[in-house]
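Undergrad: Pasting a structure here, questions to come.
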Amino acid sequence: MKPISIEVWNPSGKYRVVSTKSMPGSRWIRLLTEQDCRVEICTETKTILSVDDILALIGDRCDGVIGQLTEDWGDVLFSALRRAGGTAFSNMAVGYNNVDVDAANKHGIAVGNTPGVLTETTAELAASLSLSAARRIVEADQFMRAGLYDGWLPHLFVGNLLKGQTVGVIGAGRIGSAYARMMIEGFKMNLIYYDLYQATRLEKFVTAYGEFLKANGEQPVTWKRASSMQEVLSEADVISLHPILDKTTYHLINKDSLALMKKEAILVNASRGPVIDEAALVEHLKANPMFRVGLDVFEDEPLMKPGLAEQKNAVVVPHIASASKWTREGMATLAALNVLGKIKGYPVWSDPNRIEPFLDESSPPPAASPSIVNAKQLGLPSSKL
Ligand SMILES: NC(=O)c1ccc[n+]([C@@H]2O[C@H](COP(=O)([O-])OP(=O)(O)OC[C@H]3O[C@@H](n4cnc5c(N)ncnc54)[C@H](O)[C@@H]3O)[C@@H](O)[C@H]2O)c1
Ligand SMILES: O=C(O)[C@H](O)CO
């Protein structure tokens, strides 16, 4: 196996923890080295590591790995980690569709993720994409830079007004609900959402905000929980996708579902690329120039499907929804603490949505793993804190 380049922190540490990428901030490194970990960070320049690269990083002895959503964590890697004496893996991401959790269970490896810390940052990017698509910001920017602006015109880059329109959310979990609140409070949009579960807190928020507006003599905002995704697609003016990626959400948006949407609707995706059949989307964009999309994620990432890049009615950014400094440093901290907690035999934090105590730099983090998705399957104890 070819050697792989690494940077080492605290070489004499008792536990060997590998990070497949350099991650923002230094707190995560400090938290590990202070607890007797030797931290090895992969410094290979290529962006996506292969399974063989990661096998080389795991080597003969490894207690835990912090990995990335671009990596394929299945039976090969989990069995290698187990053989090397490891018991812990954490994705530096909330989504873990790149992880075969059954394989991890089989080998007794805890799988961590990083919920909560990226909720607002990701929702803000989805809101940015919604605005950019509605007001044609990227097209207008390119027009200016090309020196084409020769004076104000009544028809120049006319887009969509959001106020009073309906925002549709598919997957009203943490991020979907935060996005909905931004669009409702910011632009006084009405809400229609589809989720397998009732978003009670979100409904209460919209009701209370509607009452506030009414009391101030303004048109109140409203909410509706749709009984099908199709209802959201046909009624909403702006639709944002925020479900997890699994078998039930793969190609949720396809040729048939696109046909249900309004001709001037806006579709935003900051969840996972395969939630949209991207080839069908390209055809829809070509046939409907007033339909616009804002995409942070792509079906064959890092590639775009042929034809997408040429569509002026698409705003595309490279999977940056969680990319604020605070969030990325927090994700690194949570991922490191997931691995550390398992190595040290700490219990699992009882509420993965209440992660503030782990992010407070002025006090030591609780002795717990913040979020282990297979804690129940592995029978890991829950923290009483
Ligand atoms: N683009 C990015 O950088 C970025 C950043 C963070 C998260 N994400 C993605 O966003 C996803 C959601 O994150 P979250 O923290 O809000 O998770 P969450 O678990 O709080 O929310 C997901 C919601 O999807 C719902 N859902 C599941 N299956 C569904 C279906 N078939 N139809 C409708 N709704 C369904 C769930 O009930 C849940 O409410 C992550 O899994 C991840 O893939 C992407
Ligand atoms: O799932 C996630 O966390 C994102 O895709 C990266 O922030």
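Including glycine, each Cβ sits where the backbone N, Cα and C put it.
According to TrEMBL, the protein carries these features:
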type	residues	note
DOMAIN	28-346	domain 'D-isomer specific 2-hydroxyacid dehydrogenase catalytic'
DOMAIN	129-321	domain 'D-isomer specific 2-hydroxyacid dehydrogenase NAD-binding'
REGION	357-385	region 'Disordered'
Undergrad: Near the region 'Disordered' (357-385), which residues from the same chain, at least 6 beyond its ends, have a CB less than 8 A from one of its CBs?
TA: 27, 31, 96, 101, 104-105, 108, 110-115, 117, 330, 333-334, 337-338, 340-342, 344, 346-350
Undergrad: With helix taken as DSSP H, G or I, strand as E or B and everything else coil, how many residues of the region 'Disordered' (357-385) land in each class?
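TA: So the counts come to 7 helix, 3 strand, 19 coil.
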